[in-house]
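What Swiss-Prot records for this protein:
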- Gly33, Gly34, Tyr35, Asp51, Phe78, Asp97, Gln104: S-adenosyl-L-methionine binding site (BINDING)
Amino acid sequence: MNNIHTPVLATEMLSYLAPVDNETYLDCTFGAGGYSKLILSNCNCKVIAFDRDPAVISIASQFYQQYPNRFTFFNENFVEANKYLSKLDKLNGIVMDLGVSSMQLDEANRGFSFRYDAELDMRMSQKGYKASEFVNEASEHQLADIIYKFGEENKANKIAKHIVLARKKKPITTTLQLANIIREAVGYNNYYKKNKIDSATKTFQAIRIFINDELSAIQNFLNQSLELLAVNGRLIVVSFHALEDAIIKKFMHQNAVKKVAQSKYSTNRQSPLQNGVLYLLTKKIAVPTRTEIINNPRSRSARLRAALKINE
């Protein structure tokens, strides 16, 4: 298990989660096991982990051996957690590390990255609708809508038009084929100078989010999380782009205790609190240090939000 990577914002995650002996924590996005290992190594606690990617089952099996009676794994999307955990004792903490994992990006045959020429797949669960099916079957309007909505790509209409024109000549089946169509549509050098990213990046993000239904899964799970957490349990979420963070921020703020405004003439020196379930531990997002970004460039867009459940 020495090859397990150190996940982003590891120190910050542990600081906000503050795991202790004899408590139980949920790792919603097991991946290569980075967060689970940090938590289990920190104290004599238990971890329940979820991940829909069958490629991580072999890693999870190593945890069963190293942490007997302390680790449980479900090869399921975290949105299914309530189905498996609702009859168990409530959790003392939940951690989520969202988006595509480094392991998935680095496996060329998964089709998440245009750094390799591979089948255009992008399925986290390796089941269901492939990215290649979407780009070859969706209408130009559907393509533009998804690319704009989930990629926040201002040139979505132009990209969609080029995809439709290209697939009439030849089906789009590989990552580099799609990336080059996008680059041809919007240019490469000028786009990079303006945005500091490859011109295919936002479109690949959009298609991946759509194929895996990522944003609705996040929203659905966050709604479950308040039922799963015990009072004094902590919710830690790491996201990598504005669409994810907006959902998390809105959820936490909607469920947070709020100070009630009062007259400046009031003799009450303590601001009373409105009813709420969560206390925000991060008033602003936590972000990686310069050192972490240098050591792991993929961490540069990571942002962490944390909250404490204080009421049922």
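Indices start at 1 and increase along the chain as displayed.
Every residue, even glycine, has its Cβ placed from backbone N, Cα and C.
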(request) Using DSSP reduced to three states, classify Asp51 (S-adenosyl-L-methionine binding site) as helix, strand or coil. (result) coil
(request) For the recorded S-adenosyl-L-methionine site formed by Gly33, Gly34, Tyr35, Asp51, Phe78, Asp97, Gln104, name the remaining residues of the chain with Cβ within 8 Å of the site's Cβ center, in chain order. (result) Pro7, Asp27, Cys28, Thr29, Phe30, Gly31, Ala32, Ser36, Ala49, Val56, Ser101
(message) I'd like to know which of these binding-site residues, Gly33, Gly34, is least surrounded, judged by other CB atoms within 10 A.
(response) Gly34
(message) Are there any residues at least 6 positions away along the chain from Asp51 (S-adenosyl-L-methionine binding site) with a Cβ closer than 8 Å to its Cβ? List them or say none.
(response) Thr29, Phe30, Gly31, Ala60, Phe73, Asn75, Glu76, Phe78
(request) Let me know the DSSP-derived helix, strand or coil state of Asp97 (S-adenosyl-L-methionine binding site), please. (result) strand
(request) For Gln104 (S-adenosyl-L-methionine binding site), list the number of other Cβ atoms lying within 10 Å of its Cβ atom. (result) 21
(message) Is it possible to get the count of other C-beta atoms within 10 angstroms of the C-beta of Asp97 (S-adenosyl-L-methionine binding site)?
(response) 24
(message) Can you tell me whether DSSP puts Phe78 (S-adenosyl-L-methionine binding site) in helix, strand or coil?
(response) helix
(message) For a quick check of packing: other C-beta atoms within 10 Å of the C-beta of Tyr35 (S-adenosyl-L-methionine binding site), how many?
(response) 29
(request) Mind giving me a neighbour count for Phe78 (S-adenosyl-L-methionine binding site)? Other Cβ atoms within 10 Å of its Cβ, every protein chain shown. (result) 25
